[in-house]
Amino acid sequence: MDKKVQSIQWLNGLDSLRFILALVVLLSHIFTHPDFQLVPNTEISGIIYTFIRLISNGTAAVIGFFILSGFIIHYTSKLQVTQLKKFYARRFIRILGPLAVVFLFGYRFGHPEKGVVWSLLCELIFYALYPFMQKIKLNWNSKLVISFLVSLIAIYFFAYHDILAMVNQSANHYHGYYWQAGPLYTWIIGLPCWLFGVKIAEDIHSDDQTSFKVVYLYRISVLICSVLLHFLKEEYFVSYILSMNFFAILCYYWLKNEIIYSKYKKTMRFTEQLGKSSYSLYIFHPLIILLIHKLIQINNLTSMLMVITAIILSYIFYLLIEKPFHHFARFIGNKFNQ
């Protein structure tokens, strides 16, 4: 990684990206809620609902999270890879600490957070494997290609019924979702996405340039593609487990250009600040939706209230719970240096 950018400013804008991705997941869980109702149930409200539902592709957002995670880990932690205890302590405490608190909060309500845990388990496995992948005597492009091929084999094994459903255009045994390999094996499917993030960290250099026009074009392309994949999943049995790893290729170019462009643009302080709580929003919002739904109906009139409430409560959760775990993780990690 010659001429690699070392300035911390190079990471400006990443928190904003993470906030947007977490917001998409939140919107997807509100607008696909089984109890969601249209009030009033008119043609216009139906069109607006369908539009928001289509652009809120939560699985596509998770793919973006995987890529950003791979980038951040490789960019910031490469020099820590020989200090395994420090690396694992910092990573695992930051993830598991806040999640344990959410788990306790959700105990009486059937653990609504379990709907997002599958992706967190993938992340933890990626973190666990990363130091060992560093030691493999292959370049990261080769590792990415191998992982992509292995994921295709795994998809054939775990999603055979979804392949048949797509070929036969039949709902028979159709699952449709990315995590259908289960909590123990979905990481095999998602590893190429994470390695696309590592590839970004390998590929960017201090003299790389892009333009707003290029970045904007990628943003529109990613949005259109995510809408198309959502539509194909629902109407033509093109399961997310069959499409999302190919979608990750487009996301690689999009996020790479976003990161390069970050050295030219002035980031929005508001979204950067909210982005610091993106993990809290991701793990805490299912419980918030459940509790709010006990008080009010979920519909197009109350949806914005739910979004704002979830963002505010998640930010408070970040300040009171997640942020202290960040400090604790650094404290424990530094102990291993002594």
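Using N, Cα and C of the backbone, Cβ positions are placed for all residues, glycine too.
Database features (TrEMBL):
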type     : residues : note
TRANSMEM : 12-31    : transmembrane segment
DOMAIN   : 12-318   : domain 'Acyltransferase 3'
TRANSMEM : 51-72    : transmembrane segment
TRANSMEM : 92-109   : transmembrane segment
TRANSMEM : 115-132  : transmembrane segment
TRANSMEM : 144-164  : transmembrane segment
TRANSMEM : 184-202  : transmembrane segment
TRANSMEM : 214-231  : transmembrane segment
TRANSMEM : 237-255  : transmembrane segment
TRANSMEM : 276-296  : transmembrane segment
TRANSMEM : 302-321  : transmembrane segment
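The transmembrane segment (237-255) and the transmembrane segment (115-132) are not in contact, since fewer than 3 Cβ pairs between them lie under 8 Å (pairs 6 or more apart in sequence). A contact between the transmembrane segment (92-109) and the transmembrane segment (115-132) is present, since 3 or more of their C-beta pairs, 6 or more residues apart, lie under 8 Å.
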